[in-house]
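> Mind looking over this structure? Questions follow.
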């Protein structure tokens with residue numbers, strides 16, 4: 001039995017200077033003190049004192065050492081980096097989330113959205129970013145790596161004085177905008193950029209968009225007497241009297257043209273039958289040739305008839321360009337445009353949507369038509385459309401509907417009826433006259449102010465944009481219309497279309513009768529969903 005002062009083996013030792021007896025540890029047992037707990041050796045006590053004493057003190061000392069180590073840079077010997085390291089460092093330059101303000105003329109491009117192998121606006125812009133070093137080579141093969149996004153998508157041939165794309169860009173160089181523009185064609189410009197928040201999405205945060213549509217004033221003239229649509233309008237007016245409007249201005253225009261043809265010694269009745277038959281063939285097959293040589297063969301006309309036909313077309317073209325719209329007709333256009341303002345169901349103004357689709361409801365803020373202006377000898381009207389968002393072809397169909405209602409003498413209520421459940425076929429006006437004026441970020445700009453950032457706005461570039469519009473957009477629109485007669489061809493096509501059903505009865509006194517439905521275009525006839533529509537349905541909306 002063990003007692004105090006008694007050793008328990010050859011390694012036991014008693015310290016007379018201490019009030020406690022330390023019992024040495026054997027090979028399998030730790031040393032115990034007088035209280036029966038583990039005893040610390042002298043070495044352990046010294047090490048503990050050297051470490052700072054208690055656990056609390058040691059912890060504080062450890063935290064101090066860690067803090068010093070974290071803030072003290074490790075000095076490395078200086079050396080020059082090789083070419084590979086320089087290239088790697090260049091690739092790692094910081095990227096910033098920005099909103100890029102751009103403008104472009106869509107002529108010659110297959111729309112805005114990247115769509116390999118087609119030539120697109122975004123494709124050229126993205127390549128310019130890479131060439132200018134604003135996007136690294138590592139990210140050059142996929143725009144998604146840079147979070148590339150557009151505010152509004154534009155169709156094939158459509159222009160934009162202002163549009164916005166958001167992405168992560170390397171913008172360290174002070175002259176990065178100038179560098180990028182050197183790699184862009186003249187018809188595409190980067191106006192500038194604004195730093196945004198990391199969560200900025202140019203499409204999502206866009207409050208609204210402003211579009212402009214330029215249209216010749218003669219587009220609002222009534223269908224030519226003798227055309228299929230003119231005959232149908234008169235037929236329905238006789239059956240349902242008092243519904244459609246009288247149009248003395250339009251009647252006088254065509255009477256004057258007929259007199260000019262007669263004064264030229266041409267008997268239009270001699271060739272009208274062949275010409276009308278050819279126009280019907282054009283409507284059914286879209287095979288009507290545009291060049292004069294092929295047209296003669298297609299119509300199977302004699303030399304005399306063919307020359308007379310050319311004279312008639314020249315007289316009509318000259319009369320259209322000389323036409324000056326009345327104040328009353330301009331007021332009627334403005335009243336028709338007002339019908340679009342506010343929230344409506346625009347399922348009839350796009351493709352691939354029905355009345356019950358929630359996305360068919362859109363809100364239009366304002367539609368304003370300018371006074372007519374004479375440019376290059378022709379009279380043009382500018383229509384500004386300001387809406388929260390738009391669907392595919394919506395604006396072109398809105399313009400087409402207004403033009404048809406005005407020129408056919410239909411009640412303005414036809415526009416409101418187009419918001420109802422019944423399906424009707426609304427032709428989309430030519431893409432030539434459409435351009436995106438600018439996206440608007442009113443609400444988001446208020447947030448940017450709190451971060452001390454510049455607003456996402458085009459105000460600083462207004463002068464540049466106006467100059468660009470005149471040189472690359474307006475002039476091209478005017479020149480192309482003068483050369484190709486785009487609007488004349490569009491309305492002439494509609495006026496002379498003949499199908500299995502009367503597709504445009506909603507423009508006549510008959511209106512949209514109960515039980516009527518918009519019959520689809522049959523094979524070989526004018527198709528609402530043509531190749532262009534099918535391609536664009538694979539993308540997203542206009543914006």
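Even glycines carry a Cβ here, placed using N, Cα and C.
Automatic, uncurated: that is what TrEMBL annotation is.
I grabbed these lines from TrEMBL:
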ACT_SITE  155  active site, nucleophile
BINDING   211  substrate binding site
COMPBIAS  47-58  compositional bias 'Basic residues'
COMPBIAS  59-81  compositional bias 'Basic and acidic residues'
DOMAIN    336-441  domain 'Pseudouridine synthase I TruA alpha/beta'
REGION    1-93  region 'Disordered'
> Take the Cβ of residue 155 (active site, nucleophile) and count every other Cβ within 10 Å, whichever protein chain it belongs to.
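A 10 Å sphere around the Cβ of residue 155 (active site, nucleophile) contains 23 other Cβ atoms.
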> Write down the Cα-Cα distance for the residue listed as 'substrate binding site' and residue 155 (active site, nucleophile), rounded and given in Å.
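Rounded to a whole number, the Cα-Cα distance is 13 Å.
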> Tell me, how many other CB atoms lie within 10 A of the CB of residue 211 (substrate binding site), whichever protein chain they belong to?
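Other Cβ atoms found within 10 Å: 27.
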> Tally of helix, strand and coil residues over the domain 'Pseudouridine synthase I TruA alpha/beta' (336-441) according to DSSP?
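The counts are 32 helix, 33 strand, 41 coil.
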> Going by DSSP, give the three-state secondary structure for residue 211 (substrate binding site).
strand
